[in-house]
Amino acid sequence: LIILAITGGNAPDRTHSFNFDYSYWSFNKNDSNFASQQQVYQDLGVEMLDHAFEGYNVCIFAYGQTGSGKSYTMMGKPNDENEMGIIPRLCNHLFQKIHDNLDLNLKYSVEVSYMEIYC
């Protein structure tokens, strides 16, 4: 929970509360609190994939200021295993789970969408 107090100028004093599940530090790789692409995937992507295999539709929605790392978090560098984002990691994990659970009585249908909107 973050509580942000806005004061000053002509704005009325207001307090805003924000809830979140995770907060990441990704500025300096040498910092002990640095969140790698793998850590972000472990926290978010694995749970989403588990829910998808339980039959639920899932969505990861990245929203924020330009330059804050949304595209990098989602895609990263797909050809660099350490820098892959959530989407390539999730796709790899998805098809690996299908391969590992091959059953002639099961049929898998996979649909994936990815959209970026710039305003």
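Quick reminder: no glycine exception, Cβ is built from N, Cα and C everywhere.
Heads up, TrEMBL stuff is auto-annotated, nobody curated it.
The average pLDDT for the domain 'Kinesin motor' (1-119) in the predicted structure is 87. Taken from TrEMBL, the feature domain 'Kinesin motor' applies to 1-119.
Of all Cβ atoms in the shown protein chains, 7 besides its own fall within 10 Å of the Cβ of Q65 (ATP binding site). Q65 (ATP binding site) carries neither a helix nor a strand DSSP state and counts as coil. The annotation ATP binding site is assigned in TrEMBL to G64, Q65, T66, G67, S68, G69, K70, S71.
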